[in-house]
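Report on the structure given below.
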Amino acid sequence: ADYSQDEKALLGACDCSQIVKPSGVHLKLVLRFQDFGKAMFKPMRQRREEETPEDFFYFVDFQRHNAEIAAFHLDRILDFRRVPPTVGRLINVTKDILEVTKNEVLQSVFFVSPASNVCFFAKCPYMCKTEYAVCGNPHLLEGSLSAFLPSLNLAPRLSIPNPWIRSYSFDGKEEWEVNPLYCNTVREIYPYSNSNRLLNIVDMAIFDFLIGNMDRHHYEMFTKFGDDGFLLHLDNARGFGRHSHDEISILAPLSQCCIIKRTTLLRLRLLAEPEYRLSDVMRESLLQDPLAPVLTEPHLLALDRRLQLILDAVGKCIDTFGEATVVANDTAQPQSAQHRAKAGT
């Protein structure tokens, strides 16, 4: 067990600026298994039934371990498959972390609470004091485990600012928040001008709207596939915070650009059908997780409501610009693929 790369960056122990943007407000650890596989561990900070307070800004919200788990299942149901495999686990913080870590700093932040529970916290600039510690009961603690991506040596990747990044101040506004024609500007900027990158951004916005994640300031891509590679949907722990609120602004890439992949639209329409209702499919999928039930029923039902809002937004775009303009046909094979198929026969 060890600190993650961004905690180490905050402590000055490594230069991880290529792939992490340390915030200093969260507690997560890297667990290495006997077969040398690695997973990111995010401990439980909130109970499932607790909603994010209305007065919380998205950039001070807690991370939720169950959101990471649910996001993986939703991403797979949507057939995006861009979230690394994530599963819930009960961790013995004494045996699985304290007694195995070789990091003296990590060892030093463990303590026994007045309730005789074993607790620990992180060393970082902001919310990492003992009052923000996480505690076992007395040793067992729920958390999410997310599979690590391949090392940067094997699979280099880039971290790229999201064109629809939000303002991370209390009163500032980004251009997209005040200019409804902002997408016209984005379309003129490489690589959004000549690739399917913008369509992938819309996919990501749809995914984030369904989970209620307002904190997508960057996205990552493997460099091997060039401009047309898919976006990695990493770090989803700020999703599923408020089931009672639908943050329509997350859909800005869709509503401002009025484009969507045909495959994405077909999948969304399928999940709106009574026999394949999204909430039902999610409920069934999440039952496979060791920490089931992962989401409360109001969060599951919110998925159906938000799905309909997405389809309504697409419908408005089609009414305005026509289906041929709005729906991008990503089901057709490129010419090179067709040529190879013919050559193979």
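Note: Cβ is positioned from N, Cα and C throughout, glycine not excepted.
Taken from TrEMBL, the feature ATP binding site applies to Lys42, Ser146, Ala147, Phe148, Leu149, Glu220, Asp235. Look at TrEMBL and you will find 110-326 tagged as domain 'FAM20 C-terminal'. Annotation comment: TrEMBL describes Asp215 as active site. Taken from TrEMBL, the feature Mn(2+) binding site covers Asp235.
Sequence features, as recorded in TrEMBL, placed on the structure.
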residue	record	Cβ contacts under 8 Å, 6 or more apart
Ser146	ATP binding site	Ala39, Met40, Lys42, Glu68, Phe72, Pro84, Pro85, Thr86
Ala147	ATP binding site	Gly37, Lys38, Ala39, Pro84, Pro85, Thr86
Phe148	ATP binding site	Val30, Gly37, Lys38, Ala39, Met40, Pro84
Leu149	ATP binding site	Pro84, Ala155, Arg157, Leu232
Asp235	ATP binding site	Asp215
Counting every protein chain present, what is the number of Cβ atoms, excluding its own, within 10 Å of the Cβ of Lys42 (ATP binding site)? 27
